[in-house]
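What TrEMBL records for Asp251 is active site. Per TrEMBL, the feature ATP binding site maps to Gln62, Lys78, Glu99, Ala182, Val183, Met184, Leu185, Glu256, Asp271. Among the features that TrEMBL reports, Mn(2+) binding site is placed at Glu99, Asp271. What TrEMBL lists as domain 'FAM20 C-terminal' is 146-343.
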Amino acid sequence: NPVVLQGECKPGSLRGCPVDQFHLNISRWQLYLHRDPNMEPLTQQLATHRIVSAVQKSGGTQLKLVMSFPNYGQAMLKPMKQERDEETNYNLYYFSDFERHNAEIAAFHLDRILGYRRVPPVAGRLVDVVKEIKDITTDRKLARTFFTSPVGNVCFYGQCSYYCSTEHAVCGRPRHLEASLAVMLPDLSLASRRTWRSPWRRSYSRSKLAKWETEPDYCSTVKKTPPYDKGTRLVDFMDMVILDFLMGNMDRHHYETFEKFGNNTFLLHLDNGRAFGRHSKDEPSILAPLEQCCRIRRSTWLRLRLLSLPQYRLSDVMRASLFSDPLHRVAPLLSEPHLAALN
């Protein structure tokens, strides 16, 4: 059964309403269909349709905006914070890293290539900071943070826990800003979601270790704990672990599911902005759940074997997939070292 329909379009028709169609197609096992005919109009809307509203999303540690379209659809905007060829500073802890717009885009493509379809569709876009944010926002707190830089670029910084200051402002060039736009899931009032603490959550401390880092037999405890003691939840979690390892994402502290489907459903792979930070070093600790539990879904294992073959190398498949994103015309969304690191 589908989740719900958000907003109303033309009576008796969903033509011109790809966001609503996306919501209708959400099922117990995936966010969208394999070879979904709605994917092209949906990503086109994210990349090109007129934006009628821009407000800052409350909560979270870094700057995010909720953008609204004329047909009731909404998207989450994450602005460009880091050049594509930059690597995360080795002196930064994982919880202090920037969120990258191109990581959100690349995560969607990688998730789809792996056959998961659990990351909400994302598209890159060049946003006019003045016309599409400053001039239309009704968010007074956001509006107060706009300024013009010494070289004439239009900048803003919003309000958040990290990197929301004039020193870490987001700036256009001079007013065009690269950003990722991820389609919003159905409103919580229509399709509630449950948040689950990851059993392999990091300590988010500079000095303490998490239980899984000190107890070699930690998985035995997890496997006896609901919902990991039955059904597919444990191998669903391993799918997410594999995605995070390939992206270098150490920031998976929680995950969500749709409450309507109970415990027998897929995990949403949300908030991937801290992925693809380093290409020169793998982070083997991300694979701790896989190493400790020795569990993997057969279809995932077969897909990984396929993507290891010379004619289907993951780096080549990713490069081809990312070529379809509108921001590829500005610059490749992942640098060649990042693509090579996927192999």
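Positions of Cβ are set from backbone N, Cα and C atoms, glycine also.
Note that the structure is a prediction, hence the values are computed from the model and not measured.
Everything TrEMBL records as a feature, shown here on the structure.
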{"residue": "Gln62", "record": "ATP binding site", "contacts (Cβ under 8 Å, 6+ apart)": "Lys78, Lys81, Phe98, Glu99, Cys160, Ser161, Tyr162, Tyr163, Cys164, Gly273"}
{"residue": "Val183", "record": "ATP binding site", "contacts (Cβ under 8 Å, 6+ apart)": "Val19, Phe22, Leu42, Leu46, Gly73, Gln74, Ala75, Pro120, Pro121, Val122"}
{"residue": "Leu185", "record": "ATP binding site", "contacts (Cβ under 8 Å, 6+ apart)": "His23, Ile26, Pro120, Ala191, Arg193, Leu268"}
{"residue": "Asp251", "record": "active site", "contacts (Cβ under 8 Å, 6+ apart)": "Tyr94, Phe95, Asp97, Asp271, Arg274"}
Site extent for ATP, whole Å (max Cα pair distance, Gln62, Lys78, Glu99, Ala182, Val183, Met184, Leu185, Glu256, Asp271): 20
Asp271 (ATP binding site), number of other Cβ atoms within 10 Å: 23
Local Cβ density at Glu99 (ATP binding site) - other Cβ atoms counted within 10 Å: 25
PLDDT averaged over the residues of the domain 'FAM20 C-terminal' (146-343): 96
